Amino acid sequence: MIITIFGPPGSGKGTQSSLLIERYNLKLISVGDLLRNIISSGSELGKKIKDTVESGNLIQDGVICELLYDQLALMDDNFLFDGFPRNLNQAHFLTQILRERYNRDVDIVIELQLNDKVAIDRLKNRLVCLDCKSVYSTSSFKDDNNLVCTRCKSARLEKRIDDSDLSAIDRRIGEYHVQVKSLREYYRDKLLMIDANLNVDQVKQEIESKISCSLV
């Protein structure tokens, strides 16, 4: 099975992706994680990507597609794309590379739909565990001096660099709304629209229910 999941910033793509790969025994391909790994390497490309991300702009398609091309060379044909494709050009690339490598296409496309105000509130308060990638809200912790991941017990919880600037957040959300219209049309026969304003368990249940119906 090949699944792709996309949605605006703060919609819970990473959280739901983690649940989906466990539920359906899939490998995860996260564009965000790939980019963050390059940034943390301190390379020239990493510095350029860091500057782009901090300004709220999107990474060039060529960079994204090259990363995905290399990653797919290491995978079989059961995986989930977290946060990809982000525009129609990337969708065409994905269709082409899947047909070349596996003679197939994406089976299920999940769009997480989220109110803009909710997205902004989530992003302003988001913390991410640097070790296991679990996501938290600052409101989950009573003591700001005792931030510990409940999953892996790491104390390395930090804000993402692209969550620190409100104007950058607004640009990311605005760009998403521009690009998602063409993605909906391109994937209209495979698209599952999910209300991401709900809590994590409710979103998980809605996704699994709609996947079950689509596979009948």
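Using N, Cα and C of the backbone, Cβ positions are placed for all residues, glycine too.
Taken from Swiss-Prot, the feature ATP binding site covers G10, S11, G12, K13, G14, T15, R126, V135, Y136, L198. Among the features that Swiss-Prot reports, AMP binding site is placed at R36, N57, L58, I59, G83, F84, P85, R86, Q90, R160, R172. For C129, C132, C149, C152, the entry in Swiss-Prot reads Zn(2+) binding site. Residues annotated as region 'NMP' in Swiss-Prot, with sequence analysis given as evidence: 30-59. Residues or ranges marked as region 'LID' by Swiss-Prot: 125-163.
Feature map: annotations from Swiss-Prot on the structure.
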residue : record              : CB count, 10 Å
R36     : AMP binding site    : 21
L58     : AMP binding site    : 16
G83     : AMP binding site    : 22
P85     : AMP binding site    : 26
Q90     : AMP binding site    : 20
R126    : ATP binding site    : 17
C132    : Zn(2+) binding site : 13
C149    : Zn(2+) binding site : 19
C152    : Zn(2+) binding site : 12
R172    : AMP binding site    : 21
Worksheet item: Going along the chain, which residues at least six beyond the ends of the region 'LID' (125-163) come within the CB cut-off of under 8 Å?
Response: 9-10, 12, 14-15, 18, 33, 39, 50, 53-54, 56, 169, 172
Worksheet item: Relative to the Cα of C132 (Zn(2+) binding site), which of the binding-site residues G14, L58, R172 has the closest Cα?
Response: G14
Discussion item. Can you tell me the CA-to-CA distance separating C149 (Zn(2+) binding site) and Y136 (ATP binding site), as a whole number of Å?
Written reply: 8
Worksheet item: Rounded to an integer, what is the Cα-Cα distance in Å between R126 (ATP binding site) and C152 (Zn(2+) binding site)?
Response: 18
Fill in: Count of other CB atoms lying within 10 Å of the CB belonging to G12 (ATP binding site)
23
Worksheet entry | Those binding-site residues listed as G10, G14, C129, Y136, and which of them has the most Cβ atoms within 10 Å of its own Cβ | G10
Response to the item:
Rounding to whole Å, the Cα atoms of R172 (AMP binding site) and G14 (ATP binding site) are apart by 17
Worksheet item: Cα of L58 (AMP binding site) to Cα of Y136 (ATP binding site): how many Å, rounded?
Response: 24
Worksheet entry | Site diameter for ATP, Å, by largest Cα distance between G10, S11, G12, K13, G14, T15, R126, V135, Y136, L198 | 17
